[in-house]
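Step one of this worksheet: look at the structure below.
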Amino acid sequence: MVLRCQVEVLYFAKSAEIAGVRSETISVPQEIKALQLWNEIEARHPGKDMNEIEEKSKDIIKFTAEKLSIDEVSQLVVSPLCGAVSLFVGTTRNNFEGKKVISLEYEAYLPMAENEIRKICSDIRQKWPVKHIAVFHRLGLVPVSEASIIIAVSSAHRTSSLEAVSYAIDTLKAKVPIWKKEMYEESSSSWKRNKECFWTASD
């Protein structure tokens, strides 16, 4: 005859949400081991993972004429499964080759641009174990010091998200059809091709 005892199990935080109760009493063999007890608890809540709730990975891509918010974009990639969120923020600087810049103007071929960024996200997922990716790019006029692009990536450890963000901005500048015009203080302007773009490399 197997001797049994009553064990009171207390649940806190996420485990309480999953179990749906704060505590319960279960009957178990007196000489039960910790792993066996854990299996018994999971068996009482079938279909529920007591360790982790699955969170689907997201690729969030947006082109907008509105002012970009660093807080908004970074929050989109936050995950309880991740210990790192890495960001790249590109802003308008006030000078270029001795000329005073007052703003930049961006234009994009949206269908192709969005498709190319999705390819970049897919490539990143092949190279690094990241969770969420967000790429926001502003179109139209972008005044000095305001953000024209924000890239955010979350991952369990910082190395993956840092390397993924660097790859994302380098590849975006090389492959995505986005054009930039610099507006100067002396009422002149100039469209600037991206020297990293593959279609200008041979010029």
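Just so it is clear, glycine is given a Cβ too, placed from its N, Cα and C backbone atoms.
Unlike curated entries, TrEMBL annotations are predicted automatically.
Sequence annotations record features per position, and here TrEMBL assigns substrate binding site to H157, R158, K173, K180, K181, E182.
Long-range neighbours of R158 (substrate binding site) (same chain, six or more residues apart, CB within less than 8 Å of its CB): G83, A84, S86. In the shown protein chains, 14 other C-beta atoms lie within 10 A of the C-beta of K181 (substrate binding site).
For the binding-site residues given as H157, K173, K180, E182, the lowest number of other CB atoms within 10 Å of the residue's CB is seen at H157.
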